[in-house]
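Below: the structure, in structure tokens.
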4 protein chains.
Amino acid sequence: MIMKLGQDLLKIGTKNFKSRLLTGTGKYKNFEEMNESLKSSQCEIVTVAVRRVQSLEAGHIGLMQSINWKKFWMLPNTAGCSNAEEAIRVARLGRELAKLSGQEENNFIKLEVIPDKKYLLPDPLGTLEAAEQLIKEKFEVLPYINADPLLAKRLEELGCATVMPLGSAIGSAQGLLNQSNIQIIIENCNVPVIVDAGIGVPSHAAKAMEIGADAVLINSAIALAKEPPMMANAMNKAVQAGREAFMAGKLEERSVANPSSPSSGLISTPNIAIQ
Amino acid sequence: MIMKLGQDLLKIGTKNFKSRLLTGTGKYKNFEEMNESLKSSQCEIVTVAVRRVQSLEAGHIGLMQSINWKKFWMLPNTAGCSNAEEAIRVARLGRELAKLSGQEENNFIKLEVIPDKKYLLPDPLGTLEAAEQLIKEKFEVLPYINADPLLAKRLEELGCATVMPLGSAIGSAQGLLNQSNIQIIIENCNVPVIVDAGIGVPSHAAKAMEIGADAVLINSAIALAKEPPMMANAMNKAVQAGREAFMAGKLEERSVANPSSPSSGLISTPNIAIQ
Amino acid sequence: MIMKLGQDLLKIGTKNFKSRLLTGTGKYKNFEEMNESLKSSQCEIVTVAVRRVQSLEAGHIGLMQSINWKKFWMLPNTAGCSNAEEAIRVARLGRELAKLSGQEENNFIKLEVIPDKKYLLPDPLGTLEAAEQLIKEKFEVLPYINADPLLAKRLEELGCATVMPLGSAIGSAQGLLNQSNIQIIIENCNVPVIVDAGIGVPSHAAKAMEIGADAVLINSAIALAKEPPMMANAMNKAVQAGREAFMAGKLEERSVANPSSPSSGLISTPNIAIQ
Amino acid sequence: MIMKLGQDLLKIGTKNFKSRLLTGTGKYKNFEEMNESLKSSQCEIVTVAVRRVQSLEAGHIGLMQSINWKKFWMLPNTAGCSNAEEAIRVARLGRELAKLSGQEENNFIKLEVIPDKKYLLPDPLGTLEAAEQLIKEKFEVLPYINADPLLAKRLEELGCATVMPLGSAIGSAQGLLNQSNIQIIIENCNVPVIVDAGIGVPSHAAKAMEIGADAVLINSAIALAKEPPMMANAMNKAVQAGREAFMAGKLEERSVANPSSPSSGLISTPNIAIQ
């Protein structure tokens, strides 16, 4: 059975991945720590904020070059875009970025349309609009969305490669506040469901996988830990643990205690049953 | 830093253990599945219900012989005892059982005094009384208790080797319902705190370790999974993930979103920052 | 200060209401029990499923006549509509229904666009489309929505009279599973926020009001209680309690205990301080 | 049915009470605000920290005289006692205090044995020891305890008039963190179960009553609100709401949505079913 796990692949578009943990590149102290973390996370997909790179933002000069793109599949994202138009433009830049990094066939885009500056919640209409256009342009669209089952279904029907409902607000580390809606999305959708945002500790990541999510994306919880590479390692194990529990058929919650060691045994004579 | 983990040992009495996952022997379909699960859990401590074995209970004939006691440290338990007197007698039988299995120096006893047949909750007074006597008899006592910080402290002061607060009722798979009290116990106690009972999924195990528990004991959640060895493997990873997160310094929860990718970037010219 | 509560009105469109509990008319055993419940709830707004009434559904013949529409403000709803077109048609019928009941100036419509037959979750796009049209036709639109802050804001900007985010799935009695998103909606919106669906017990209703919701709508939890009129009474008190707590400035959660009775007192002499 | 509530009395020892909300006297800004709050809470039992009064602590000179003891039943408490001996002495002083206040037959004592200065958690052994002695001295003992079902049962068997499990740490306003254990206590005990400590908002109070608690004791959440009398009023309503819901037979949680307005209605002809 454990062998089967070797064949348990995450398929996005036509690409297969062994790891179900996606990570980011923001907020690290330096590229060295980032690369150590990417390595110990065993992730295969790494997301990059295209605007940040493109505008030569402080701390991001050299980011692209510091990562070995032969090892990691790039997931450009449209962070910082507040409407569909901006997101479409940045997505196209993202595709160029991937190609320049040597990933000619990479059409992935993590679509973020975020007009809200405080909680960084995504706009459902802008996201739909941008997704529609980007799908026409042959992108594999991975949209970041509020955990709305009907919206998720519509994005799937539009042709998105995955849906990425948020567990809780970006960087809040509050875990799966939207768990019930995420469960319905998992039940209803036929594309991979990747929980994005809000995962702060390994138990959050494991929980997402236990309820049947296909993958999780984690950035802040790793990058802002005191020891990012160790946390990356922890998150990788947690994602695997949650996935394996999902496949192993977990015990259901029960309100009455069930003894692991039944109380029916009786001590009558002090003899011991083994030699 | 990851190297340090190699030296991160669980010390109970004078014994050191690498694994922080303790498992049980109840409820498995057969000894083969049990042994496969013990192996894939990578546990080092295995608990055995002395009464069950001693009374040749159906399905337990041969249990002791089926386990390789050169590989696993035996933790005899007093499951099925409803008062201090019974528990003391069974503990003494447990010590004999360990010696007969070749573990001459093993004085460990998991102390359970459980008069309650429905929820299997432990009796604080009976537990204290039995612990006092067993400590006099040079046992290393690991008492199973309700998550009561004052009781835990008193058991520590009495000389117990650990305290084992319950997360939720035995076999209920409800996780850490007593989390706040367990956190206070962790803060107050100087002996290892092992969360026992109620852990149903890897995220529960990870959570216990993230808040600083020293170890967890899991039986039903593994033995009753559809694929026990796979679940055992998942639990092992979850315990490690939680422990590593605890040591890596986790990100605190925040109520306002914090962008992984700041929105300050600006698209001015469509040039790309990398060659 | 308690006097101020007399002036604490719920304003929807141009209408003012004293009660912040809205109720429904579905699922009651008979009209007598329904009317007793409406009375003991002290509600002023009652929602009616227009399709149900209009199609003379079993058990609904006579529903409209059984209610004294001089006492209760009718809130026709579009339950049973799975797309915008249907909802618009039913909304128009709802307006006729209100007028036929003697409420000439009543343009309220609770907008439900629900293609999902299992969880009865609303469709954001269909809801937006129908709201836009109904606002043109001078309806006061109260849209039932998933707890999506951006969608809520857009509906407000479109001219909706309120937003009605769901706490959890209709009839599930699970309470405020979407609490964090509802809190953001409350913070961002300038129209009344009415929590609809999922409220199963008074503590759920109180919680919604404590975090600042303007009102709640409850149907199943009252109608399906063993004693609906008593539950209606309980819900009314809970809504008031939650509202008053919100206005009274509640104590914040703290992780460390704070004694109600400080421990600084000292027993020195056994005299008593009073005569 | 609502009439029945008039006969729904809280019986402690041989005394009957209509109100199920007990309040305290600590932490108020002044006696006027305290008395206004006692009044608007409609409570009948008021607890007083005997040591505080007895030691003429700043702000407590005149406390006893400021309360009309013809209207409120005094519940002296042993706050500030860290062991059984101290608590027994203070309990005796408490009885004198009640008698001096004109309540000749009042033998109530809220027993608190709290060695822990940080979280103010009670000591199970000290509490048992003091309870035993005080019961011999004909006190009606209301012990404050951690939510331990076995301890609660033992105190009942000893002859305590009630048990008072804590929801969460005193003054923490965190609500019912020990809910599952409290539910087991309610199921097992034949004396009234009064939830004490941790109730911060009306929804917490309502929740305690909904699960079957007989009463709640609230101090900080009222006294430290910005408007204590209004919060007292809110708490009273919440307690009533929770009690009524418990008696009215509440709807159980369900994971799948159940429409309040079934979707079986059909729009065929645009006629309206009422005249």
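Residue numbering: from 1, along the chain as shown.
Cβ coordinates come from backbone N, Cα and C, glycine included.
Those TrEMBL annotations? Automatic predictions, nothing curated.
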Looking at TrEMBL, A:ALA197, A:GLY198, A:ASN219, A:SER220 are annotated for 1-deoxy-D-xylulose 5-phosphate. Which of A:GLY159, A:GLY171, A:GLY249 sits in that same site?
A:GLY171
Looking at A:23-45, A:253-275, which stretch does TrEMBL describe as region 'Disordered'?
A:253-275
How would DSSP class A:SER220 (1-deoxy-D-xylulose 5-phosphate binding site) in three states?
helix
Out of A:GLY171, A:GLY198, A:ASN219, A:SER220, which binding-site residues come under 8 Å of chain B, measuring Cβ to Cβ?
A:GLY171, A:ASN219, A:SER220
Please compare the binding-site residues A:GLY171, A:GLY198 by how many other CB atoms fall within 10 Å of each one's CB, and tell me which has the fewest.
A:GLY171
Counting only residues 6+ away in sequence within the same chain, which have a CB under 8 Å from the CB of A:ALA197 (1-deoxy-D-xylulose 5-phosphate binding site)?
A:LEU120, A:TYR144, A:LEU166, A:GLY167, A:SER168, A:ALA169, A:ILE170, A:GLY171, A:SER172, A:LEU217
